[in-house]
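According to TrEMBL, the protein carries these features:
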DOMAIN    24-402  domain 'Major facilitator superfamily (MFS) profile'
TRANSMEM  17-42  transmembrane segment
TRANSMEM  54-78  transmembrane segment
TRANSMEM  90-108  transmembrane segment
TRANSMEM  114-137  transmembrane segment
TRANSMEM  149-175  transmembrane segment
TRANSMEM  181-201  transmembrane segment
TRANSMEM  222-242  transmembrane segment
TRANSMEM  262-283  transmembrane segment
TRANSMEM  290-310  transmembrane segment
TRANSMEM  316-336  transmembrane segment
TRANSMEM  348-368  transmembrane segment
TRANSMEM  374-393  transmembrane segment
């Protein structure tokens, strides 16, 4: 990392009364990802109220998601030069404080233009926060990168699940639909203070090291072919994850599943993803062994074939769980592997993966919809099989072109 990134040697992290500083950083990062997990999906549960309150068309309402996801990629890119000048922990204090201010604006505004612009700004801050956090946690927990990154994925998923529950509970009690943003603002204020305190502890504790890493020290993942392979794998992962999140239920109903079973299949898909992420926390680098990776790829391929060609209720449930279990841990595995090969480019790898995932998800939601209009959703869903093959082939190319996975 750059000279000002104030990383922590996890084996030598200074201790507080109860926790090491590294543990406190992981707790703060986890709470931050929990909050961002809720923010990231809140537009869906609030969509009916948003449309009604602002008198929107469906197209206008859809702009909120695209403003968010596009800005997320911009924020991820923008974080890299900041990481060269400031401590990641200090930066997280700033980005979290900005998120609090923007959330207050989302709570208070009664104009859609301001609402959409604020969501775009929140996306920029969110993208920067993700890359900064991945960089900080990946370097702090250099011996347990996959576990630490997997933990962030798990709490982010929990945030995804909590958001609709929170919306239902608040609306059932008669609260205004914009109240969740006030609650987010309060949480972000607490987290900004938490990161501020941790930044102060880093600057004043002699146990903190200021490691320097040369940007000229190019690891093999810095080569264009390695970055392209990682980007293709991430794009395919984004396509498959969001293609299923958006279109799975519609596809299941079209192929003969009843509505309740179709929706339950989405639950089994998410359950598979969370199961895989919990496994990544427990197994750490063992998830990067050749056989573990190939087992995950077998689950993805098998799940895709089951969903596409065996149209029974059991095949649908087994296929959705297998797809989720195969894909759920791939992000921390891919990112942890890249960081292990070339730690000096942690932020670069995070940016590449976040942006590629985001673009893949956007292309999936639009392209599958367009193909469904032209050919039907059953035919359109078969395209996912192409991206399953691209996912496996591109990461295999990335693996073979760099230091071998642990065995």
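Note that Cβ sites are derived from N, Cα and C of the backbone, with glycine treated the same way.
Unlike curated entries, TrEMBL annotations are predicted automatically.
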Top Cβ-contact partner of the transmembrane segment (90-108) among 17-42, 54-78, 262-283, 290-310, 374-393 (pairs under 8 Å): 17-42
Dominant neighbour of the transmembrane segment (54-78) in 17-42, 114-137, 222-242, 348-368, by Cβ pairs under 8 Å: 114-137
Within-chain partners of the transmembrane segment (181-201) [C-beta distance under 8 Å, separation at least 6 from its ends]: 21, 24-25, 28, 31-32, 35, 38-39, 87, 89-90, 92-94, 96-97, 99-101, 103-104, 106-107, 166
Contact between the transmembrane segment (149-175) and the transmembrane segment (348-368) (at least 3 Cβ pairs under 8 Å, separation 6+): no
Reported mean pLDDT - the domain 'Major facilitator superfamily (MFS) profile' (24-402): 85
Cβ contacts under 8 Å made by the transmembrane segment (222-242) with residues that lie 6+ beyond its boundaries: 273, 300, 323, 327, 330-331, 334, 338, 342, 345, 348-349, 352-353, 356-365, 384, 387-388, 390-391, 394-395, 397-398, 401-402
